[in-house]
């Protein structure tokens, strides 16, 4: 799936496909709140296997009644190659490795206080996340993130001017407060970037 397809999904360009993806993902996550991941995977596997076995038996009975020789109903899918190519695996593993190395470098920079302001911002973020963690578990945050991923882009697209105006106001207020704090506390002035 390329970036354009992901954007089309998130912006509901094809309502049917987006609805299926969003509904299936939300159903899976909500199922995980009730059962363990092992149980959910087992139930999904059993459901799919039940459908395919019933369809295969139905087609076999239909062929016997009609005395036709159509063959296996899933023959076209069984003949398709499903192995991952080495190039694809290398491409995505290289991307993942570069992102992991960048993240490790950034965490080292923040934890070893290369820039005091960034380290304090990170500490405030971690402090805020302790409160978020007290109210929500990880799965609830993932569900909220999924809902936000499928609703925020379309809401932003419809109300972009108003949202940009208020974001600019908040951004200016935050910059003013950070500037005042940096001016009053010694050693907190940022280096010119």
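Every residue gets a Cβ built from N, Cα and C, even glycine.
Remember, it's a predicted structure, so these values are computed and weren't measured experimentally.
Annotated range for transmembrane segment in TrEMBL, selecting from 135-156, 157-178: 135-156. For the transmembrane segment (20-49), same-chain residues at least 6 beyond its ends with a Cβ under 8 Å from one of its own Cβ atoms are 9, 139-140, 142-143, 146-147, 150.
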